[in-house]
Number of protein chains: 2
Amino acid sequence: MPMIHHHISALRAAIQPYRAAQRIALVPTMGNLHDGHLELVNIAKQHADIVVVSIFVNPTQFGVGEDFDSYPRTLDEDVAKLATVGADYVFAPNIDEMYPVLPPPTTVRAGAITEQLCGKTRPTHFDGVGIVVSKLFNIVQPNVAIFGQKDYQQLAIIKQLVRDLSYSIEIIGAPIVRAADGLALSSRNQYLSESERQTAPILQQELQYLAKRIGGNHQPLDVLLAASRQRITSAGFVIDYLDIKTAQLDSLKTDGSSVNFNENQQDLVILVAAWLGRARLLDNQLVTANTV
Amino acid sequence: MPMIHHHISALRAAIQPYRAAQRIALVPTMGNLHDGHLELVNIAKQHADIVVVSIFVNPTQFGVGEDFDSYPRTLDEDVAKLATVGADYVFAPNIDEMYPVLPPPTTVRAGAITEQLCGKTRPTHFDGVGIVVSKLFNIVQPNVAIFGQKDYQQLAIIKQLVRDLSYSIEIIGAPIVRAADGLALSSRNQYLSESERQTAPILQQELQYLAKRIGGNHQPLDVLLAASRQRITSAGFVIDYLDIKTAQLDSLKTDGSSVNFNENQQDLVILVAAWLGRARLLDNQLVTANTV
């Protein structure tokens with residue numbers, strides 16, 4: 001079983017002896033672990049000797065009226081699952097330990113990249129991510145940290161944070177883990193009713209459909225996107241966004257026409273966020289230049 | 001002589017072996033070192049086995065029209081001085097090394113505490129301090145860092161940053177080092193003409209005068225401050241601010257009357273920033289509750 005620490009000082013004391021000669025990995029989570037999280041640990045173990053998994057439902061990344069109170073907390077089950085994949089330490093602080101002053105007066109803001117996509121409808125979310133990730137980096141001082149690619153924008157923001165704040169931490173994005181029917185695993189999937197759960201894989205199907213058609217000489221992008229949005233909405237979703245960006249999350253410089261990959265040679269990403277009942281689902285699909 | 005490193009990776013590799021069993025101190029400076037800086041190193045050596053002095057004129061903490069271009073750069077002399085006090089490593093990066101993207105999109109902002117005093121007339125200054133100090137903390141990962149109390153607001157901001165971002169770094173404020181006539185040492189004192197240099201100690205004399213009179217049953221605070229401002233202005237200064245705050249930089253809750261220390265039992269600080277010719281001079285005086 002992994003060792004559990006609830007206090008910063010105890011965790012730091014426990015991992016300090018490894019710093020001289022071994023690599024430490026951090027896997028930040030909000031708990032309620034599923035196979036996607038366990039895959040983060042598997043990847044962490046390939047890049048480090050010691051794996052620290054943090055479990056903290058971070059209040060500062062939830063907005064007013066969001067699901068902070070109802071977010072599932074399942075520490076005992078989480079620890080049992082982490083034992084099966086060989087995590088070494090669990091850091092499970094309470095709110096006071098992480099935020100002696102809440103909200104903290106200090107902000108860590110990654111700038112323009114946070115203002116698009118999820119940042120438009122969750123305007124305080126990435127400030128909360130920025131501060132909690134900075135804190136976890138400073139507490140654990142890992143050599144490597146693993147984040148899921150399902151939260152594509154979050155991963156891009158954290159890479160920028162590491163560059164801009166000179167953290168000497170290797171950031172690894174882990175591929176999305178999906179259910180057999182294609183739905184990206186997420187703790188929030190349990191908010192879905194049985195019939196919503198049947199509907200949910202449509203998001204991923206639309207991403208795959210678009211991925212096959214955005215290169216070459218298919219329809220103009222805005223026509224493709226409009227048709228996808230129509231189908232997703234008709235299936236019962238309320239779309240937050242469905243958009244195509246460069247892999248760095250820059251906007252495409254197009255006049256709405258299809259993208260010629262042979263010309264631009266850029267990797268793209270299709271991103272979607274949509275509500276289905278109580279669940280806000282995220283998904284994305286990378287489209288690399290040499291695959292179309 | 002201390003070892004000089006210009007690159008982050010080289011510095012980190014050099015100090016990595018000490019992490020297991022020895023304490024590392026960071027002394028951040030902008031170079032052009034005087035006896036005040038050397039005292040920071042002396043204090044650092046009392047708290048750590050290895051002392052790293054950073055020398056970096058940080059562009060992001062200078063505003064438009066400020067003295068970034070003319071700020072004195074004297075690396076060779078600085079290193080020679082650091083040798084006399086036994087600093088172990090000098091980290092002297094160039095701007096590209098510290099800021100691959102300038103300005104960096106990420107901001108580290110300490111909130112309301114930055115908006116008063118120096119923050120009013122230098123609105124971007126403490127954002128620059130926030131990011132460069134975060135970067136230096138992440139690069140060096142010191143156990144302890146030493147900052148001068150002359151920059152009182154900066155020291156308070158850094159203490160808050162350490163708390164809010166969970167840095168495991170002990171922050172030590174070093175007493176102000178003064179010339180024989182009382183002027184606080186500063187690299188910017190060399191901007192003073194000979195006659196301005198004769199005038200400059202008036203700032204410290206006024207702080208001492210106020211410190212003796214703000215407790216007990218002397219004149220109301222606002223009357224005392226107005227008279228001090230008048231004398232400082234008459235001597236040829238242009239005052240940025242002269243104010244009295246709690247030691248935590250909260251505003252005093254008074255009706256303008258004198259502070260009764262026996263009642264409030266709070267430590268206070270008198271802070272001044274004033275231009276004399278080309279030089280913007282800073283000074284401050286702590287007034288502890290049990291001294292009046």
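Placement of Cβ uses the backbone N, Cα and C atoms for every residue, glycine included.
Per TrEMBL, the features are:
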BINDING   B:30-37, B:148-151, B:V177, B:185-188  ATP binding site
ACT_SITE  B:H37  active site, proton donor
BINDING   B:Q61  beta-alanine binding site
BINDING   B:Q61, B:Q154  (R)-pantoate binding site
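Of all the recorded positions listed here (B:H37, B:Q61, B:Q154), B:H37 has the Cα closest to the Cα of B:S187 (ATP binding site).
Cα to Cα, the residue listed as 'beta-alanine binding site' and B:H37 (active site, proton donor) are separated by 19 Å. Neighbour density around each Cβ, counted as other Cβ atoms within 10 Å, peaks among the binding-site residues B:M30, B:L33, B:V177 at B:L33. Cβ environment of B:Q154 ((R)-pantoate binding site): B:C118, B:F126, B:V129, B:F147 lie under 8 Å away, each six or more residues apart in the same chain. In this structure, the C-alpha atom of B:H37 (active site, proton donor) lies 10 angstrom from that of B:M30 (ATP binding site). Reduced to three states, the DSSP call for B:L33 (ATP binding site) is coil.
The C-beta environment of B:G36 (ATP binding site), restricted to residues of the same chain at least 6 apart in sequence and closer than 8 Å, consists of B:G148, B:K150, B:A174, B:I176, B:V177, B:A184, B:L185, B:S186.
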